[in-house]
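One structure is given here, and the rest of the page talks about it.
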Amino acid sequence: MSEIYPSLAQCAIVAGALKILLFPAYKSTDFEVHRNWLAITNSFPLWDWYYEKTSEWTLDYPPFFAYFEWVMSQVAKLVDPAMLKVYNLEFIDSSHGASKRAAQAAAISILLSPGLFIIDHIHFQYNGAMYGILIASLVLARKKSTLLWSGLLFAALLCMKHIYLYLAPAYFVFLLRAYCLSPKSVFRIQFLNCVKLGAGIGAILGTAFGPFALKGQIPQIFNRLFPFSRGLCHAYWAPNVWAMYSFVDRVLIVLAPRLGLSVKEGALQSVTRGLVGDTAFAVLPDVTPRVCFALTLIFQAIPLLKLFAQPTWDNFIGAVTLCGYASFLFGWHVHEKAILLVIIPFSLIALKDRRYLGAFRPLAVAGHVSLFPLLFTPAEFPLKTVYTVFWLILFLMAFDRLAPASSRARFFLFDRFSTLYITISIPLIVYCSLGHGIVFGKSYEFLPLMFTSSYSAIGVVGSWVGFMVVYFTS
């Protein structure tokens with residue numbers, strides 16, 4: 001009997017219906033963030049957008065996204081002009097939340113990823129639309145004839161959300177080697193291609209930043225886009241190297257009296273409180289932005305060497321993925337939501353063979369489980385858990401059937417790590433979501449967050465190490 005697969009239209013209908021059902025769901029502070037940005041772009045002239053600070057939710061996205069908010073504000077006028085008043089702080093109610101969700105659902109892709117499901121359709125952001133642009137750019141890079149459009153589309157994406165700068169080194173090296181230099185010799189420059197790419201990127205940047213540059217506001221925009229005054233770790237530790245570093249620091253605080261270690265009293269509450277700009281370590285040395293930048297740059301440069309030597313599309317996607325890994329694992333003040341920078345490009349090559357799938361599997365589990373704390377109200381618990389677990393089961397079963405055998409030897413230990421890691425995730429989810437509250441009530445509230453973050457960090461780091469091996473041995 002032939003297998004039956006749903007059509008794209010059927011998936012779109014189901015996805016759209018599900019997103020409409022989520023209109024009354026939990027409303028995060030991001031609702032007020034985007035309402036305030038609508039109000040700023042509608043109420044003030046262009047020159048004041050990046051200076052206005054009536055609300056703590058100041059505009060800190062690049063100009064193209066600010067222009068998008070202005071367009072959305074013109075629609076919001078028809079719904080309720082009161083929501084466009086800057087002083088109407090915390091204005092969003094259920095009806096306005098529904099109208100914003102409806103507009104946002106129409107603007108994003110129909111991907112059924114639990115990550116986008118949690119971040120965009122409940123927590124409320126616009127990642128789906130921008131990841132759709134990223135995927136289009138990555139796909140366009142596959143053909144020489146559309147390589148220019150890939151670079152220009154990515155440049156436009158950078159002007160919408162600056163987090164994609166993390167992936168820019170891979171784009172720079174690939175476009176340089178595959179488009180600007182001759183395939184026969186790196187010492188021969190294709191000048192016409194350089195002119196077309198440079199002019200296109202210049203036009204995009206000029207459109208985005210030109211009006212602000214005329215007023216001398218570029219430094220102010222950069223201050224908003226790159227606020228290094230914030231701490232190393234976000235309020236909830238992103239599952240990266242610094243989460244593991246923070247966990248070790250917490251353990252050493254307990255062991256310090258026995259080991260004779262000195263403890264900085266002023267830092268004892270810093271990591272557990274997770275306040276912005278408040279990250280300090282009690283036993284281990286503090287980490288500076290320079291250290292984060294240096295580590296990120298080093299671990300991004302390593303895969304770029306192979307990409308420059310062998311500028312194939314598979315190597316390009318691998319380098320984009322590894323640039324995402326490096327920035328997520330070693331970056332300063334990384335948000336847990338940034339894990340999608342790794343998951344989404346990696347998914348394009350996860351089925352290349354079983355070695356790729358073996359590296360992707362723990363990332364898929366860790367990345368999606370790490371997003372659970374974003375939805376902390378009881379009403380969303382069954383939704384996020386059942387949907388994510390169901391998606392992961394389908395993914396593990398379907399991808400396992402579809403991934404072809406590798407022509408190279410697989411790594412026994414890594415395969416066992418992947419299986420064990422996925423198995424442990426089930427009791428961890430149960431404890432952090434239900435068990436802790438039953439046993440401890442409202443005491444030790446930081447423990448489930450710490451366990452989730454640290455466990456997820458092990459999966460992400462393990463996946464990164466595994467994929468580095470796969471990338472350089474393929």
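For all residues, glycine too, the Cβ spot is worked out from N, Cα and C.
Features reported for this protein in Swiss-Prot:
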TRANSMEM  4-24  transmembrane segment
TOPO_DOM  25-101  topological domain 'Cytoplasmic'
TRANSMEM  102-122  transmembrane segment
TOPO_DOM  123-155  topological domain 'Lumenal'
TRANSMEM  156-176  transmembrane segment
TOPO_DOM  177-193  topological domain 'Cytoplasmic'
TRANSMEM  194-214  transmembrane segment
TOPO_DOM  215-234  topological domain 'Lumenal'
TRANSMEM  235-255  transmembrane segment
TOPO_DOM  256-290  topological domain 'Cytoplasmic'
TRANSMEM  291-311  transmembrane segment
TOPO_DOM  312-328  topological domain 'Lumenal'
TRANSMEM  329-349  transmembrane segment
TOPO_DOM  350-355  topological domain 'Cytoplasmic'
TRANSMEM  356-376  transmembrane segment
TRANSMEM  379-399  transmembrane segment
TOPO_DOM  400-419  topological domain 'Cytoplasmic'
TRANSMEM  420-440  transmembrane segment
TOPO_DOM  441-449  topological domain 'Lumenal'
TRANSMEM  450-470  transmembrane segment
TOPO_DOM  471-474  topological domain 'Cytoplasmic'
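Contact count against the transmembrane segment (235-255) (Cβ pairs under 8 Å) is highest for 450-470, out of 156-176, 420-440, 450-470. The average per-residue pLDDT of the prediction over the topological domain 'Cytoplasmic' (256-290) is 73, rounded to a whole number.
Taking every recorded stretch in 156-176, 194-214, 329-349, 356-376 and counting its Cβ pairs under 8 Å to the transmembrane segment (291-311), the highest total belongs to 156-176.
Non-local neighbours of the topological domain 'Cytoplasmic' (350-355) in the same chain are 314, 399, 402-408, 410-411, 470, 474; each lies 6+ residues outside the stretch with a CB under 8 Å from one of its CB atoms. Using DSSP to sort the residues of the topological domain 'Cytoplasmic' (350-355) gives these counts of helix, strand and coil: 2 helix, 0 strand, 4 coil. Within the topological domain 'Lumenal' (123-155), the DSSP-based counts of helix, strand and coil residues read 26 helix, 0 strand, 7 coil. Residues 61-65, 68, 130, 133-134, 137, 141, 147, 150, 197, 204-205, 207-209, 225-226, 296, 300-301, 303-304, 307-308, 311, 316, 319-320, 322-324, 326-328, 331, 338, 341, 345 of the same chain, all 6+ positions outside the transmembrane segment (156-176), place their C-beta atoms under 8 angstroms from a C-beta of that stretch. For the topological domain 'Cytoplasmic' (177-193), the number of residues in each DSSP class (helix H, G, I; strand E, B; coil) is 7 helix, 2 strand, 8 coil. Beyond the ends of the topological domain 'Cytoplasmic' (177-193), by six or more residues, the same chain brings 144, 147-148, 151, 307-308, 311, 316 to within a C-beta distance below 8 angstroms of the stretch.
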